[in-house]
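To keep things clear, I will list the structure first and then write my remarks on it.
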């Protein structure tokens, strides 16, 4: 796989075709667990691992699975990998596993994972499929993390609270409280706040894309005549 392929897959996963901001897949866990940084990071990492491993596994068996049973086979692969992640979390981060609850098993039914298995992994080699899964998972995890951080900051006035649930006792002092007297904003950590914050993130991304597209047109010289500035003989722009 060429360097250009790597860059294209990275751009798609992290920005142009981001699962959370563009495809709008996996909204149930995205909105349900993003009320704090630690919850968002925990589920994001779990989803990223399952997505990368499932893409690799699907790519390996794609030639041995018939068209008739392809989707059930893919779901079984995803379910096995999700169970492995679930067991690891029970062993190493049990308190966080209890907090996330049903959202860990629900990784099996996450449309992001099944969608990439069907649309990409089943049609590409192991290396491309693994990298696509890793970058799509990373893009999803980053949206989760940003959303969780913003909601925690607005809702509780803290950042990185309870990180010991994921990283152990050494992370107990990671908590940041920028505004000690802040009383919190309850709406931010409730489901309606999740919808509002996600909508704002999507709007911000769309605005950035529009600005980049306009800049590219200007640099390419493809600007409508009505928008061009007239330049006098003196060289001064009107």
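Any Cβ shown, glycine's included, is placed from N, Cα and C.
Residue ranges 41-61, 209-229 are listed, and Swiss-Prot annotates 41-61 among them as transmembrane segment. Residues 71-91 are the range that Swiss-Prot records as transmembrane segment, among 8-28, 71-91. Sequence-distant contacts of the transmembrane segment (184-204), counting only residues of its own chain at least 6 positions beyond either end whose CB sits under 8 Å from a CB of the stretch, comprise 20-21, 27, 30-32, 34-36, 143, 146-147, 150-152, 154-157.
Long-range contacts of the transmembrane segment (130-150) within its own chain (CB-CB distance under 8 A, at least 6 residues past either end) are made by residues 1, 6, 9-10, 12-15, 18-21, 26, 29-30, 33-41, 43-45, 47-56, 59, 112, 116, 120-121, 124, 159, 188, 194, 197-198, 201.
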